[in-house]
Amino acid sequence: TIINVKCTSPKQCLPPCKAQFGQSAGAKCMNGKCKCYPH
């Protein structure tokens with residue numbers, strides 16, 4: 001799931017992804033935007 005959060009590294013995406021999808025969510029930075037992987 002791509003969320004509307006800008007990023008330069010996956011670490012920046014983990015907090016918003018965890019907030020939206022739970023503590024076990026994973027995150028990547030793709031094309032300057034965060035992509036969350038719910039688990």
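Along the chain as shown, residues are numbered 1 onward.
Note: Cβ is positioned from N, Cα and C throughout, glycine not excepted.
Given the structure is predicted, the values throughout are model-derived calculations rather than measurements.
The annotation disulfide bond is assigned in Swiss-Prot to Cys7-Cys29, Cys13-Cys34, Cys17-Cys36 on the grounds of experimental evidence. Swiss-Prot lists Lys28 with the feature site 'Basic residue of the functional dyad'. Per Swiss-Prot, site 'Aromatic residue of the functional dyad' is recorded for Tyr37.
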Helix, strand or coil at Cys36 (disulfide bond) [DSSP, three-state]:
strand
Alpha-carbon spacing, Cys17 (disulfide bond) to Cys7 (disulfide bond), which is rounded to whole Å
12
When a 10 Å sphere is centred on the Cβ of Lys28 (site 'Basic residue of the functional dyad'), how many other Cβ atoms does it contain?
16
Integer Cα-Cα distance in angstrom, Cys29 (disulfide bond) to Cys13 (disulfide bond):
7
Helix, strand or coil: which one is Cys17 (disulfide bond) in, per DSSP?
helix
Roughly how many angstrom lie between the C-alpha atoms of Tyr37 (site 'Aromatic residue of the functional dyad') and Cys13 (disulfide bond)?
11
I want to check the contact list for Cys34 (disulfide bond): same chain, sequence separation of six or more, C-beta distance under 8 angstroms. What comes out?
Ile2, Ile3, Val5, Lys6, Cys7, Gln12, Cys13, Pro16, Cys17, Ala27, Lys28
Between the disulfide-bonded residues Cys29, Cys36, the one whose Cβ has the fewest other Cβ atoms within 10 Å is Cys29
